[in-house]
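Here's the structure, in structure tokens; my notes come after.
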């Protein structure tokens with residue numbers, strides 16, 4: 001008699017910088033979602049795959065939620081996140097720093113209205129110095145979610161992830177596995193490399209040009225020594241933006257190249273050569289009334 005298998009779709013939601021990318025990477029034991037301390041560097045839903053014996057799930061990293069959204073790009077990301085919540089079997093609701101405000105309540109209300117299975121997870125417990133605040137905070141959340149598990153973890157330190165995984169497995173629907181057991185993500189190398197370069201540049205630029213560049217025409221080759229040879233083009237709207245990305249004496253773009261190489265080599269375990277060219281294409285962006293740029297491609 002064939003044993004039952006379990007498969008489901010999971011999304012991690014929460015504010016910016018609560019550790020969503022770190023948690024995804026630690027659960028699937030692979031660095032597919034690039035981690036940055038700067039807020040809002042995750043713009044796309046990164047999909048990881050976990051498989052262990054009879055259990056398998058897709059797990060989605062999502063852009064960080066905010067109390068206010070300043071442009072149509074941010075608003076679209078959040079609409080996409082809510083749509084994905086609607087399509088998911090289980091929601092991991094990640095919180096930290098004793099923050100429980102309107103956006104958290106709004107997310108929870110949406111999840112409960114859709115009658116979704118969910119787990120509230122308090123992350124970064126290793127950084128909590130005032131332990132006496134923890135119990136009142138848990139009790140506060142419990143008033144909004146009386147029937148939910150509240151699990152305390154440290155994703156970075158891999159503390160109590162086994163408890164989280166046990167709870168996830170209990171909630172997975174019975175279904176056939178979708179992927180081979182060794183697969184960690186649906187994305188190919190080129191996409192992940194593009195994400196690494198994009199997030200590295202966003203980290204270096206911070207708020208200067210967060211939405212005002214596109215990474216295009218990524219070419220990935222391997223030489224006879226299995227070394228990555230990567231070439232990509234960064235497209236900007238005008239000369240001023242190009243100068244900002246290049247930086248004084250080329251320092252910023254050189255940092256982007258060096259930091260990206262380091263992350264690519266760590267992720268793929270391959271020596272890497274990276275070349276970046278910056279081009280100006282004015283028609284790639286259209287300026288909105290609020291002064292923000294929208295990708296018009």
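Just so you know, glycine gets a Cβ as well, placed from its N, Cα and C.
Annotated features in Swiss-Prot:
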- 6-174: domain 'Era-type G' (DOMAIN)
- 14-21: region 'G1' (REGION)
- 14, 15, 16, 17, 18, 19, 20, 21, 123, 124, 125, 126: GTP binding site (BINDING)
- 40-44: region 'G2' (REGION)
- 61-64: region 'G3' (REGION)
- 123-126: region 'G4' (REGION)
- 197-282: domain 'KH type-2' (DOMAIN)
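Structural mapping of features recorded in Swiss-Prot.
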residue : record           : DSSP class
14      : GTP binding site : strand
20      : GTP binding site : helix
123     : GTP binding site : coil
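The list of residues near the region 'G3' (61-64) in space but at least 6 beyond its ends in sequence, with Cβ under 8 angstroms from a Cβ of it, reads 11-18, 20-21, 24, 33, 39-40, 42-48, 77-78, 81, 84. There are 14 other Cβ atoms within 10 Å of the Cβ belonging to residue 16 (GTP binding site). Sequence-distant neighbours of residue 123 (GTP binding site): residues of the same chain at least 6 apart with a C-beta under 8 Å from its C-beta are 18, 19, 23, 94, 95, 96, 153, 154, 155. For the GTP site, whose annotated binding residues are 14, 15, 16, 17, 18, 19, 20, 21, 123, 124, 125, 126, the maximal Cα to Cα separation is 19 Å.
The sparsest Cβ neighbourhood within 10 Å, among the listed binding-site residues (14, 18, 125), is found at 125. For the domain 'Era-type G' (6-174), the model's average pLDDT works out to 89.
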